[in-house]
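To start, the structure under review is shown below, and the notes come after it.
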Amino acid sequence: MVIIGALYYIFQVETEYIMGMVLGLISAFLSATFSIMNVTFAKEHPPSMISFYELLSGVLLLSLFFALPQFDFVGPQQLTSDDWLWMGILASVCTAYAFIASVKVMKYLSAYTVMLTTNLEPVYGILLAFFILGDAEQMTPQFYIGAIVILVVIVLNGFIKTRLQRK
């Protein structure tokens, strides 16, 4: 609930953002459910097998959208060799490897801890854009305060779990 409060503070919800917040909450619920399922699967199956079937299911499901005429996608023939190279790197390193590693880590960490860490991806993205691209776009003070609250919750989660394990 603290995270939802932090998100509310970051976005200063107005009526025009309610649909986005609802979709975000639905996404968070589905993501948490997915993580809980992965924790269960990770105890019985190798992470590479779990990831293979989950990513294959995602590819098959998303491929259905390519058949819909109202979506205007760039066709494979329009991509340059550099595009294919970067997509290959993103697909193998940033998606497949990261996915397998996250399933593997679920043998040792709770779904809650993994989800908290995963939800930091927007913060990582903003920091990487700043350091790699030099994009110095100013964020609002609410963004920084909300990001700090999220980071504090993650650190406190680790601290509390460590103290509980000692008892």
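Note: Cβ is positioned from N, Cα and C throughout, glycine not excepted.
Because TrEMBL annotations are produced automatically, they should be read as predictions rather than curated entries.
Small disclaimer: the values here were computed from a predicted structure and weren't measured.
What TrEMBL says about this protein:
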TRANSMEM  17-40  transmembrane segment
DOMAIN    19-157  domain 'EamA'
TRANSMEM  52-71  transmembrane segment
TRANSMEM  83-100  transmembrane segment
TRANSMEM  112-133  transmembrane segment
TRANSMEM  139-160  transmembrane segment
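A contact links the transmembrane segment (112-133) to the transmembrane segment (17-40), because at least 3 Cβ pairs that are 6 or more residues apart lie under 8 A. Tertiary neighbourhood of the transmembrane segment (83-100): same-chain residues 47-48, 51, 54-55, selected by CB-CB distance under 8 Å and a gap of 6+ residues from either end. Per-residue pLDDT, averaged along the domain 'EamA' (19-157), amounts to 80 for this model. In the domain 'EamA' (19-157), helix, strand and coil residues by DSSP number 110 helix, 0 strand, 29 coil.
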